[in-house]
Structure formats: structure tokens, C-alpha cells
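Working notes, structure below.
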Number of protein chains: 2
Amino acid sequence: MGGTPPLSPLAPAAFPDLPEIGGVEFATAEAGVKYKNRTDVMLAKLAPGTAVAGVFTRSATRSAPVLDCQDKIGGDVAGGAAIIVNSGNSNAFTGKNGRESVSRITAATAQALGIEEARVFSSSTGVIGEPLPHDRITAKLDELAGKLDRGGIAAAARAIMTTDTYPKGASAEVEIDGQTVKIAGIAKGSGMIAPDMATMLVYIFTDAAIERSVLQSMVSANSDLTFNCITVDSDTSTSDTLLCAATGASGVRVTEANTGFIDALRDVMLDLAHQVVRDGEGATKFVQIHVGGAKSDADARTHAMSIANSPLVKTAIAGEDPNWGRIVMAVGKSGAAADRDLLSIWFGDNLVADKGWRAESYSEEACAAHMKGENIDIRVDLGLGGGTATVWTCDLTHGYISINADYRS
Amino acid sequence: MGGTPPLSPLAPAAFPDLPEIGGVEFATAEAGVKYKNRTDVMLAKLAPGTAVAGVFTRSATRSAPVLDCQDKIGGDVAGGAAIIVNSGNSNAFTGKNGRESVSRITAATAQALGIEEARVFSSSTGVIGEPLPHDRITAKLDELAGKLDRGGIAAAARAIMTTDTYPKGASAEVEIDGQTVKIAGIAKGSGMIAPDMATMLVYIFTDAAIERSVLQSMVSANSDLTFNCITVDSDTSTSDTLLCAATGASGVRVTEANTGFIDALRDVMLDLAHQVVRDGEGATKFVQIHVGGAKSDADARTHAMSIANSPLVKTAIAGEDPNWGRIVMAVGKSGAAADRDLLSIWFGDNLVADKGWRAESYSEEACAAHMKGENIDIRVDLGLGGGTATVWTCDLTHGYISINADYRS
């Protein structure tokens, strides 16, 4: 983790131009938690009345800041609020000391901004099991409070990176009754990516005015279709956190009925989720897996994730090998309902397996050509019912081994 | 799969000297199913009255020979029997043609040996989804029947290899009432190894006289403690098959009460299971994971397998990195009960995590020294109850990627 890893070949051309969100200001600092000569702390100050919703990892060994966020997330929204995040140390598996570190950081943030500690949400990401030197963070809070800036979201996206090779951002604007509301989000994540009811570190801001419980419902439902549908390596982080803050600065009230807003929020979340996959450790291919014809949506998801997490499928994709037998294997082992003799598989537009048998029209050349592309589409039809799911992953390459085995962390 | 892969660094010094088993004869041939210039078919002829028990993959896309074996396994044991196995093609996902191939092979074997087709068990291992050229196998049956040999088990072990880098064999002798019964077994397997209620291809022979249903109980129970406790890459084969044949040639009757025999059979199965892990694709470390203090044995197994299948744990081991935070992560994501603040972890004899916190006595140097060895021991105590499980795996290295991605299959 010492040197800067090479930029992912799947990286976007540039960080997007994100809109400023009324009621949100950002600041970053170099606290030296672990990394040197780069920012590693970001502070987001949220205007009074901002509703904050969150989804979190379901790991049984989740980190101290995740537990603290979960305690605070349903609270009163009256006063100002803040999000404080450090990279370089996850403050996970740090016992009582971990809780103490969270308390010190959130108390110092509350004091520096003149807000309630119960309204300060914190995240930490990085190595597991090391004591967090929280004093390096608290020492920077006056500096952070003094340079808050509405245009600071791009710098914030950089400060939360760990093994990421690029910062991740996405935005949307929605017209509601002739007025515009804005959404902007940032994320980090590259390895230990198999979110379960939550995600990596993701922060999304909107100037819409949304009741907290409504915002929570929107975020939870959209997570199931976005961050919960990606996997890099099947390993679920102890720190996965998504916080979504609605400041209301636009003056535009948004409810469950505003499907345009919900769709725009989901687009931002899906964009960020795809950016996490595209920065998957060692990734050279972006892979979409769509399973249809399952007995239920849950069964479809089980099959899709079994394919997406199979080392043999992922290495075949890395080798540009249209090895559809490994798709059959992954469906067979998933535990969800499947009938070998009804199973069909496509690579791109090429039908390779047709109801339990190699397709008459199978062309090794056409499939191999599809596998050479950067975007791989795998489609499976189980022929059993109407259940569907789409998930996204990347390939498994020497790069993943190098990042995780060749260097001592 | 074209060239011969380099011998696993974890390979045993030599193939063991296996005893001849009364009532069992072997023959091998070069049928050219896929490989050239090597044997790829093995025939085992079993004396009349031989009881045959089996456990098989639970994959929903299991192969035609597995389905045929499952149909036959409970049948009458009166006449002679046989096991016929080919490597190079798994006859999996081959639809109606697959069933036809099995039928042709088992019928030809029955005819060549003068036995009932219902007593011929077949296996196929190799590529998935390709039609099996069964005529190449049936053309060799007279040759095979003509050179059956009681001492042919080592040659049989070689004929069933695919990506294996060495043949696998194990044996035991048990004294029962002053008489000796013998057990000898062979196995193949290297990748796509995460058996579920079954194993790779494993054939075990004994001259004990055992009732079929009793033999089945012994084999099933022992499988749960041996082959079902190994994983190379979390990917479950479509072809996993274990057949155990008891010829009775020793004249010694064995029942459920003969725990000495059951233990010896389990030792042979565990030895073969460990040999499969030691030949894991790209393996450089043999890893034992013991989980204790779980709420139940099932929970312990879920945690142990979550650790054993975690790419981040396996790459850390490859990098000789005592990265115990990744063990915490794998326990946290497993879904089984865990309490972070009761969790303790050892690498070898070194306590690294003590009830939710880095151990006071933690020594990076001592742990790093353990990780440099060939045999890695990871022990986890959950502090919740009396459930235990032990599983075995190998590390995840560049070798695995090379075998599965660098070459088109």
C-alpha cells in the first residue's frame, strides 16, 4: 500500500464536474494517520435541518465508527450536522479503544463546528486491527473548520481513497414542479468489495428537502439495486458505509411520489457502484451478469453472485476465454434452483449454451471476439420462472495477486 | 492444460506403496479422449458380491455419469462389478448425448467383463460441455479386460489425472479379531475444488466384508470430516464422485461396531483429501484452519470455510503476511454468529488477537516466521460455545491465475 498503484485501465477519463449542493461545505487535511504527503481526512459540514440516512455493512465484526453511525442515524434532524472521514486506518477490531477514538473525533468535530455530537457521523477506512491515532485527526479540526468550502467535493473524494487508483464522483439534476434539485456523491473502494446491505464508503448530498424516514427508504431500496449488486472479490468489508444527506437548501420538497428523484438518486448510486468495480484491484474487464428465468429474484441474485464470485469464471474472463462450462459450474454450485436441461447462456449476443447443450450456432471465434472487449456481458436464462437479477464484477488477474500478496501490508 | 504443469512444491516425495486388495484388478489404456501420449482410461474390476457405496456432488448441473452412478448405487450386490473412468472430458452439460455416452460405455464394459450393466459405475473428468467421444473408450475395452492386474492401482491413479501434478494414493491396514483387512484408495483433483457432500474423483477399495448400507453410512460420515472439509478455490465441480468398494476377499466381516476400521478408512480419506489440497492449482502453502468456541459445529464450519475461501486471506498467506485483520473480516462476513469482543486468533502458537483486540503479546516477527513455513496453522476461538470445525485449504498465488487465465483451455 506504500506506492501509488497504476491507474486502473477501466478508469473514467476524468473526475466529473460535480455541482455544488446548497447547505454542504467540505474541507480536507493531511493528518498523517498512515499516509504521508497526501490528504487523509475530509470534513463535510451540513446545514441545520439536514436529514441524514445511512446503510451499513452487516459484518459481525463491523468497525467502531459503523456502530456509532448506526446508533445516531435515526436521531433528531434539527441542528447542524457533519461527516468526518479518515483513510489509512479503519478503526475496526480495536475494542474499547476503538469506541474511545470515535468519541474523541466526533466530540472534537462537534466542538469545532458548534453542533451536537449526536449529529456527527464518522467513518474510517484502511488497515484493520491497528489502534487509530485519533489525536492526529482531532489536532486538525480547527484547521478543517477554518477552510470549509462549498466547492471542495473533488478534494474530499481524494482524501478518502485507500487502494483506489482514482477518485469517484457522480451527480444528477432533477426538475420537480419547475424547480431543480441537485444530487452529488463520492465513493471509495477497490478491494474487500462484496457489500451486503450496504456499500463501501459513499457520501451523497442533495439540496432536496426530504423527511428522514422517506430518505432512508429511498436509499435502502436503491442500495439493493446498486451497491448490493457489485462484487470485486467476495470479501465483505468491516467498514462499509453509505450516508446520504438532504439539506433542503433548494426549498423543494421531495416525497415517495417523486419517482424522478428516486431514479436520479439510483443513477448516481449505480454510477458510483460501477466506478468501484472499475477500480477493482487488478481489474482489466468490467463484467455485467444478467440472470433471468429464475424461480424468484432472490434465486436469480444467488446465481448471478455465484457466477460473479467464482475464481474460475473470473480468471477465464481475465484470459479472454469464453469458457462457458465454468458458468454452468457456477450455476450448479450456487444452491438456488436450476435445471441443467433448461439452462441457456449468452456471451454478448452469442448464444453458447441452449437448453442444456452447446448451441447449434456456437462460434468459438465470435465469443472469443466478445471476450477481447473491455466490457463483458454474460446472460443466463434458467427457463424456470420470472425472476431476474443483474450484478457487476471485474476479472481476477495477476494484478489482484500482486496487490494483495506480493507486498506486506 | 496442454503442457505438463510443474510439480506442486507441496507434493509428497513419492507415490506410496499401496497394498493389493483381494477382489480388485486394474487396467489402464491410452484412449486419446483428449490427451495424447498418456493413459486416460482406467478400469477396476470388482469380484462378485462387492458392496459399492458412493457420495456425489450436489451441483444442480451434475454430469451424466454422476447421475447414472446415483441411479445404480443402491442396487443388488450379487454379481461382479466394475468402475470405468476417463480423464480429459467430464461429459457434463452434454444433455441427451451425455446420457447416451454413459450408456454406451457402461454397456461395453459389462459385455467385456460378463457382468450386469447395472453394476458398472462410470466417471468422467475434464472439460465441461464438450461431447464425449465415447467410441474411443469403448474401442479399448477388450484391451483393458485383457490386461487386468491386481498390482495396477498406481497406474490407475495416473490415468485419472487432469491438472493434477502428481498421482494421489493412500492406504491402511486394520487388525480385526486377529485378522488383517486392507484399505487402498486413489484420488484426483487440483482445481474446481470445494466439494459439497462429496469430493473429487476418489476410489477406495477394501477387502473387508461390509454390508452395502453399512459401508454407505461409514463413507458418508467420514466424507463430512474429510473431503467436505477441503477447498482450493470455492468452486464446486460438476463431477465430484467418491466410490468405495468392499470386496469381502479377506473373509473378515466389518460392522458399525468396528470403530478401528472406520477410523482407518477416515485416515485414508483424510490423507487423500490433504493430497488434493497440496496439489491445489498454484498452491505453495498447506493451510489448516481450526475454529472453536462456536455456537454449533455448523457455525464453526461456516466461519472456517469463509476464512478458507477468502481471496484476501489466501493472498495474504501467499505473501507470507500475518494479516490477521483479514481473518476478522472473513469471520465477520460469514453470516454465522460471532461477537467481535470475544474473538481470539492464533497463527501457529502465536496469539495475535485476544478477545476483540490485538494481543498484548503480539509479535509481528514471530508471526511472520510462522507464515514463512510450508504448513500454516490458523486457529480462531469465538468464545460463544462448544462448536468446532477443522478445514484445509491452500494459498492463492500467481500460479492459480496462470493456470486458469493465461492459457486458453
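For all residues, glycine too, the Cβ spot is worked out from N, Cα and C.
Because TrEMBL annotations are produced automatically, they should be read as predictions rather than curated entries.
Residues or ranges marked as active site, nucleophile in TrEMBL: A:Thr199.
All protein chains included, A:Glu281 (substrate binding site) registers 27 other Cβ atoms within 10 Å of its own Cβ. Annotation comment: TrEMBL describes A:Thr162, A:Lys188, A:Thr199, A:Glu281, A:Asn404, A:Ser409 as substrate binding site.
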Query raised in the report: Out of the binding-site residues A:Thr162, A:Lys188, A:Glu281, which are near chain B, with a C-beta less than 8 A away from one of its C-betas?
Result: none
Report task. Ten-angstrom check, please: count other Cβ atoms within 10 Å of the Cβ of A:Thr162 (substrate binding site), all chains counted. Result -> 22
Report summary line: Going by C-beta under 8 A and a gap of 6 or more residues, the same-chain neighbours of A:Lys188 (substrate binding site) are A:Ser87, A:Thr125, A:Ala157, A:Ile160, A:Met161, A:Thr162, A:Asp164, A:Pro167, A:Lys168, A:Met200, A:Leu201, A:Val276
